[in-house]
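As recorded in TrEMBL:
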type     : residues : note
TRANSMEM : 26-47    : transmembrane segment
DOMAIN   : 41-290   : domain 'G-protein coupled receptors family 1 profile'
TRANSMEM : 59-78    : transmembrane segment
TRANSMEM : 98-120   : transmembrane segment
TRANSMEM : 140-162  : transmembrane segment
TRANSMEM : 197-225  : transmembrane segment
TRANSMEM : 237-261  : transmembrane segment
TRANSMEM : 273-292  : transmembrane segment
Amino acid sequence: MELRNSTLGSSFILVGILNDSGFPELLCATVTVLYMLALTSNGLLLLAITMEARLHVPLYLLLGQLSLMDLLFTSVVTPKALADFLGRENTISFGGCALQMFLALTMGSAEDLLLAFMAYDRFVAICHPLKYMTLISPRVCWLMVATSWILASLVALGHTMYTMHLPFCMSWEIRHLLCEIPPLLKLACSDTSRYELIIYVTGVTFLLVPISAIVASYTLILFTVLRMPSNEGRKKALVTCSSHLTVVGMFYGAATFMYVLPSSFHSPKQDNIISVFYTIVTPALNPLIYSLRNKEVMGALRRVLGKYRLLVHSTL
């Protein structure tokens, strides 16, 4: 088969889930609503955490970083998918594809690590409350955040550079929601078996290791919660942990399917559906699940919005 050079002047054709769906208009409306929900909820949560001094503690610093990652992650993918569908223009430049892949990998990998750090934060807060300020000091918290961003960026840069240097076949049609490694490997005309092994190792490191840490943390939390004398405290902790695990399960389950399972388990339709979960659905649900049941966050949000209303009225 004829090869095509990987140059900045080349273009890919993104044939995402909106184009392959049996009800594209309905799916487009659903994706639009989820994206607007993600923008609004994550934006408001970031505003509350930034403006409210009472929330300047490790737990909410990590939660704010999660909202920032979700906001950026879904914005890297969703607007392009919607614009392509509405404008009937599905092309993406070689450079644009590389940039989208790098940003998506960075946000996804950083969130993988951050969710594990958040689970550790909850483990220390519930199981070792007296040592919390020592073990989760602001310095340690910022170290967690920096580790998530830096490691994710380095891994994303390496994978993006290697993937985009592969020789691609004449047909550059990507049957996927975004420029991502698995669908691009299907277009490569060279042997990618060794690289797929590297991707598997990276997936295990960034997905299965953090999820193991999360499961271990919440298992220890569960044992501690069950020994609580207060029924109300026990119920509150169980509800909070179960909601967190729901989000974690959706995000890690979808990402594990894409990056850990062998290519023989993949099909374009399945991959499209799975990618929607960690690029569109979980960014919309994360702030709702992490904040709606949190009285401190909701109270802070009401105070911030109240101050904003007063400011607007005073200027009119």
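In case you wondered, yes, glycine gets a Cβ from its N, Cα and C as well.
TrEMBL labels come from automatic prediction, so no person has curated them.
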### Query
Same-chain Cβ contacts of the transmembrane segment (26-47) under 8 Å, 6 or more residues past its ends?
17-18, 63-64, 67-68, 70-71, 74-75, 78-79, 81-82, 85-86, 276, 280-281, 283-284, 286-288, 290-291, 297, 301, 304
### Query
At least three Cβ pairs under 8 Å linking the transmembrane segment (197-225) and the transmembrane segment (273-292), pairs spaced 6 or more in sequence?
no
